[in-house]
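Working notes, beginning with the structure itself.
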Amino acid sequence: LAYARVWIPDVEEVWKSAELTKDYRQGDGVLQLQLEDGKVSVRVCIRELEYKLDPKTNNLPHLRNPDILVGENDLTALSYLHEPAVLHNLKVRFIDSKLIYTYCGIVLVAINPYETLPIYGTDIIYAYSGQNMGDMDPHIFAVAEEAYKQMARDERNQSIIVSGESGAGKTVSAKYAMRYFATVSGSASEANVEEKVLASNPIMESIGNAKTTRNDNSSRFGKYIEIGFDKKYRIIGANMRTYLLEKSRVVFQADEERNYHIFYQLCASAHLPEFKALKLGKANDFHYTKQGRNPVIDGVDDAKEMSTTRNAFTLLGVNESYQLGLFQILASILHLGNVEVNDRDSDSSIIPPNNGHLSVFCELMGVTYQDMSHWLCHKKLKTATETYIKPIPKLQAINARDALAKHIYAKLFNWIVDHVNKALHSTVKQHSFIGVLDIYGFETFEINSFEQFCINYANEKLQQQFNMHVFKLEQEEYMKEQIPWTLIDFYDNQPCINLIEAKMGILDLLDEECKMPKGSDDSWAQKLYNTHLKTCALFEKPRMSNKAFIIQHFADKVEYQCDGFLEKNKDTVNEEQIHVLKASKFDLLVELFRDEEKATSPTGAAPATGGRTRLSVKPDKNKAGQASKEHKKTVGLQFRNSLQLLMETLNATTPHYVRCIKPNDHKYAFTFDPKRAVQQLRACGVLETIRISAAGFPSRWTYQEFFSRYRVLMKQKDVLTDRKMTCKNVLEKLVQDPDKYQFGKTKIFFRPGQVAYLEKLRADKLRAACIRIQKTIRCWLARKKYLRMKHAATTIQRYVRGYQARCLAKFLRRTRAAIIIQKYQRMYVQRTCYKRKQAAALAMQCILRAYMARQLYKALLREHKAIIIQKMVRGWLARQWFKRSLKAIVYLQCCIRRMRAKRELKKLKIEARSVEHFKKLNIGMENKIMQLQRRIDDQNKENRVLSERLNSLEVSHAAESERQRVELTRLRGAEEDAKNNANKVTSLLEELERLRKDLQNTQKEKKAIEDWARTYQDEMEQMISELKEQNHLLKNEKNDLNRLIQEQSQQWTEKMQRALKEETQQLENDLNEERSRYQNLLTEHLRLEEKYDDLKEEITLAVNVPKPGHRRTDSTHSSNESECTYNSEFAESEEGSRGGEDVPKAILDMSLFLKLQKRVSELEQEKQSLQNELDRREEQFQRARARDDEEHKKARSAELEYESLKRQELESENKKLKHDLNEMRQSLRGSAEAGSAAPGSPAYTVLLDQLNASNEELEVRKEEVLILRSQLVSQKEAMQHKETMTEPLPYIEDVQKLTDAKEISQAYMGLKETSRSPRFTRRPTEVNELVSRLRSPFPDFHKLNEDGELWLVYEGLKETNRLLESQLQAQRRSHENEVEVLRGELQSVKEENNRQQQLLAQNLQLPPEARIEASLQHEITRLTNENLDLMEQLEKQDKTVRKLKKQLKVFAKKINDLEGGQMDVSPGQTADEPVHPVNIPRREKDFQGMLEYKKEDELKLVKNLILELKPRGVAVNLIPGLPAYILFMCLRHADYINDDQKVRSLLTSVINSIKKILKKRGDDFETVSFWLSNTCRFLHCLKQYSGDEQFMKHNTTKQNDHCLSNFDLAEYRQVLSDLAIQIYQQLIKCMENILQPMIVSGMLEHETIQGVSGVKPTGLRKRTSSIADEGTYTLDSIIRQLNSFHSIMCQHGTDPELIKQVVKQQFYIIGAVTLNNLLLRKDMCSWSKGMQIRYNVSQLEEWLRDKNLMTCGAKETLEPLIQAAQLLQVKKKTDEDAEAICSMCNSLSTAQIVKVLNLYTPVNAFEERVSVLFIRTIQTRLRDRKESPQLLMDTKLIYPVTFPFNPSSLALETIQIPSSLNVGFLTRV
């Protein structure tokens, strides 16, 4: 058919879309096609197409699906099922819609986006929890939920098989599945097992994952994790099995690849202190980590990852020492890789001595350097008789080194896996499990080796299991619907599996070759060729190679290179190296190799961990070599056994398949490479699933869905009541071939392509109808437009002509007025210009002349001042020169005189020495010397006279010099003046010449100025004209600016108003956040309280022994001082203050919190007062100590001497007494031996008397010693304190208190009596020892004496002091309280006295008449107050009398009962009988709105009014809030009688009873609503009758009289408010549980407007039907439920404001749940669904209007949903549409808008998809928004609730109590 759309093969894009341009006829060999991009018209020869189909179809290309089917959630929903359709659908979803998950029947296809997506949060997990798999968009969480649900429903274990290429996202998908189970199921214990399960991921990733060229975090092993659940389906543990670890990566990495992550994490953390001993460095320093030449992964911090790994180890119970041991082994592997091996010769090698890395390796591993270096270069050969040690060449030594490193790492890997399993193991019995298999997908590379062979072998087994499961499901579906079953031919890969694992298969031959002594890869290849080349079609030999073979796998042909197969299969390692490691001193290393010592049977089961590790058997000593070989298992055998165990496990479970696809090899985000995708789709079995489905009836519809979708193709006469018959009749007419469809019991089955054909018929029918509607509407619109245009044209003509005439008249008037204005304006301009020029000329002349005069004056003044300055400077310079000269002369004179004096002194010294010499030599020349002396004296006198004359001459000479100097100065000044005058004459001449020149210059300047003035005048005239023009312009600008300023002021006003509004809104939001936070805390408190109660119940039930409660009763019975009481859950009894009656107590005394608060404040005040008192005492102590220091120092020496003497005297006496005592004892012993003194004899009596006297004397001395000791200690402590000024020891402080010797002795005597008992018997202590201990610098008071008497005295006195101190403090507090009371009374008396004095003074100032009147008024007031007081006392007495009468009556009744009627009643008693009945009418008449009850009736009151009350009867028959009124009236009476215990007990019982009934019936909306209403009413009553003015505004006079008089219950109001908040939150949860199942079905799925949205075809994952069945919720169901909620709350009398808040919360839940499901369901995002949602929202708004609730804010909570519905309906093409969407969707976040646009799916052919460019435009416009990145709305959000005060107009005295409440024991007062 022409214009049919088909797929043709393409080299680049694999498949390309084209369209037929010419009809195809049978036998045509050429198709005329046009590519969809419209580039060229091509001629394609069918025979040249690389596309194979059944020859019967003539190799026609694949047909394309209709556009409305493209982008489906399930590939099986496509009408045409083939490879290009699958590829295109995946590409559209991935590129255009950014959806990475797609269903393909039972398989979830997951494409790696290489980008972090916000679709894995906790909110998404809870959104998928409990949902059917087809109801939500494809997701890994949907698969996990399906597995979890089937496990619980079918009681069968489940498996999730995740497979794919490296880099496709297998590990991440498995990780998210495990996170889902951990989040949804929780843990069965408090051990946080789910956290441990998730914590195993970072450990396994660090030791088993590495960077490859395809993936930065590639798993290099397969793993199967079994997550265990208990009977309640909560996680209890897990177990992990691993497969085929890639050990070769430890020693070799290709370019751009890395070793396992743990090595790089270690190197990045080498700087840590605990890793210093490992001697690590950077990753590039080690051979095993630098081969890839790229040790860093972008965006990954290895040090941070190391911290995560260590935390995970800690969480799994691996302690720090074991962790360091693991890291030690890993570090040793790195050092081992750096060990260099050198050639010794061609056949041997050697390790250089003292190799650093080998030394570190041996040190870390605890082995000897010699052994390890020896066996790294040698090997041991064993024969039957001898053992040889043979050196090995360098290459083999390096291979042996690498083999050892791989072996150690494999052992370490298995050890970690074992310990992870132990940590995840649970002692609880496992009921079921869900297994998550993360295993490698099919692999094919340029060079494929043993690893790829094992991987592909495993995938062959998994594919076989997958095919059988798909085939089984198809068969079950056909049999269930009773469709004729025809055998579907599908690919069976059993021959390929037989080729690999059967007898004489590839693995069998490989194991056989490994056993051969000289087996090699070449010989094994020849065996393969000989065995399978001619017998198996799946086995081929390459043409150009004899060392390779080809296997035809289910996905593709793979060529394997035989090199290395044997070595990898044997996995050999030098046994001697293992023996060296086993002899290590490192315990962990020995533990790693311990399993090798355990014998394993060759036929035994494979280990649980699988893997490629070698398991060897410890050989017998006698059979050293052979047994070891027999018990070894090859890697292939191990892998085959573990794979067999895995298949058995999978076959015993229900499998769920996840196929991960890698979209491109470059890791580009959201980039799709069709070639790579097709290759993986073929390899993972998705296309095989499609082929199996397409072979039968892939499209399946229920009869109702078919009828709803294709109703437009039926005529009215075809529609029958039986939907099945209707569909049959229509299909027989529409589809002629009956083989194209089949009718099942509940579904219609279609062959491929039939749905597309029906969609085409439907689209054609709708298109024809649309054309008819468009034709009619366009005609009507065109005629309406023409009539409007005609009417508009005539109107425009009329107005234009009138406007032109008015313009002409206006022009003529303006012309005449302009001429007149010009005449006067020109005259004014000329006159103004002349005046301005004249004034300017005069001003210029005046300014110029003044300027010249000022210049001349300034020049003359400057010259005069310069002359003065010169004169002063020259004089100063001359004076300075003279001073310097004089100073130099004086200095020179001083130097000369000093030199002369020194010479003279030297001469004199010489002469003196010579005189002395002559004196010694010539002693007889004394007379001559005397003469000489006299002569010297005479000369001295002459010298003095001469010196005096010289001085006088010097003075006169100095005066003369000064005179001469003055004269010289004067002469010099005269000379200077002369010079100055000469210079002045010269300068005057020069000045005159200069002035002449200036005059000439001035004349020239004058002329220039005159010229300039004329020029300036012209310029000024021109400037004036310009300024006038500018002035005119400025006026215009001024007007514009004024207008602009007004506009801006208006804008600023609006802006400020908006800012104020925003600020107000922000403050309201902050207040709501605070309320919400507080109410969330209350919720958490309630949850913990309920958990505590549950635990208490469990303990009570387990123990089954009632525990009596304890109560601490306050002796004062004061409400402010009463203690809190803790009671058990059941009713307990307490002892009353008067009698011995047992009164039942409520569960919990609610005054606990209030009293604790009050007590804390009192304690804080007391603490502050004590602190002040302490500070005051310390100051006094400091002052007193400063005064006493001096006195103490003076008296100290005398006291010490006295005490020392006294001590010595006592010591001597004590020694004497002891000596006497010993002698007496010895004499007694001697006499006793001799038998001379028998008891009772005189000698014995005398000795006994002496002994008693000695003991008494000794006791007296002990007392004195104790007194002395205490004094010494106190004095010593005081001395030490004063000398060192350090902080005293605690026991010294206590000893300081023992200052009274009498008190010490009395305490000692009292304690001595107790010490005489055997328990306190001690041997006496030597006094010397006591003294020595006392003399020690720090005596040990605990051991001061051996019998401990002093310590007992000390402790007793401490207790006594504490007791006395506490009593003293109590007395002081009571005294202070009394003083405060007296002060208050005194203050009141003073105030009264002042008031009286003021009144008296005022009265004295008044006239006599007014004075008398004022005094009378005052007296009347006083008497009135006294009367009121007396009335109160009288009322109290009346109450007491009534109470006593009542008791008297009770006692009389008891007496009558006891007497049994034998005694006659006295007349007085009979006369008293009618007293009580007479008072009843008076009481009823004066009813005060109070109810009296007895204390013992409290439990009965609570039981009948709260616990056993049925809300339905009360709400229907009685006034709303009746229980609250009754309880408040009882509370009023307790307040009236001033019984604080009763008030507290009643309030506590009420609150606890309400909590109890809510805990019991908290899921009943009616009960919760009833008690929410009554709690609020009780709270309002407490406020209304509290006496506060703010709550009494609306009260009547009678209501004000009923206010509480004795107690302030403001704190209890807060407690009741918290209780009301808790009830409100419970009401919201109860309401949410009822509404939750209705919302999605009623708001989204149900078609309220029938026929608007047709149902699109669905795949295997059937979604919930949108057609209303009997059990389906509709919008009417939601509205009926809302009506029920509203009517119940109104019946219970709930406050209107509270009802509004409840309704707002209801609508928020409806909007949030609906929007969240819309964002997660692609099938719901269409234009027609948007219309349905808007209609549903309008119905809800109509309900709000009917209930008068439009102002409650509920409509605003639906705004995000409304905007989402509008977004589905608006145009989404142009930039204008994008702008409109951005402004319209202000309540939706950017993520939500983009998500809706990505999910938008056309239901009909007339709708268009949203382009990627448009979505990017939206993102660009919204990128500046500041909002939360969260996609889903928080459905758990509860708005903070408030309880506005709502007073009641109901009078308490008018309330009647019905008998149905069973509260007849209440008495009205």
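Each residue, glycine too, has its Cβ placed from N, Cα and C.
Automatic prediction, not curation, is the source of TrEMBL annotations.
Keep in mind the model is a prediction, meaning the values are calculated, not measured.
Your range for region 'Actin-binding', going by TrEMBL and the list 643-665, 712-734, 1839-1861, is 643-665.
Note on the binding-site residues G164, G167, G169: the fewest other CB atoms within 10 A surround the CB of G167.
For the region 'Actin-binding' (643-665), the residues of the chain that approach it from at least six positions outside its boundaries are 90, 94, 104, 106-114, 140, 143, 146-147, 150, 154, 156-170, 173, 177, 214, 224, 241, 243, 435, 437, 441, 457-458, 461-462, 465-466, 469, 605-606, 610, 671-673, 676-677, 680-681, 684-686, judged by C-beta separation under 8 angstroms. For E165 (ATP binding site), the same-chain residues that are 6 or more apart in sequence and have a Cβ closer than 8 Å to its Cβ are R214, G441, F442, E443, C660, K662, Q680, A683.
Other residues of the same chain near the ATP site, with their Cβ within 8 Å of the Cβ centroid of G164, E165, S166, G167, A168, G169, K170, T171, are N112, N215, S218, S219, G441, C660, K662.
Cβ neighbour density within 10 Å is lowest for S166 among the binding-site residues S166, T171. Confidence annotation: the domain 'Myosin motor' (70-763) carries a mean pLDDT of 82 in the model. Cβ neighbour count for K170 (ATP binding site) (all protein chains, 10 Å cutoff from its Cβ): 27. Within 10 Å of the C-beta atom of A168 (ATP binding site) sit 26 other C-beta atoms, taking all shown protein chains into account. Broken down with DSSP, the region 'Actin-binding' (643-665) shows 9 helix, 8 strand, 6 coil.
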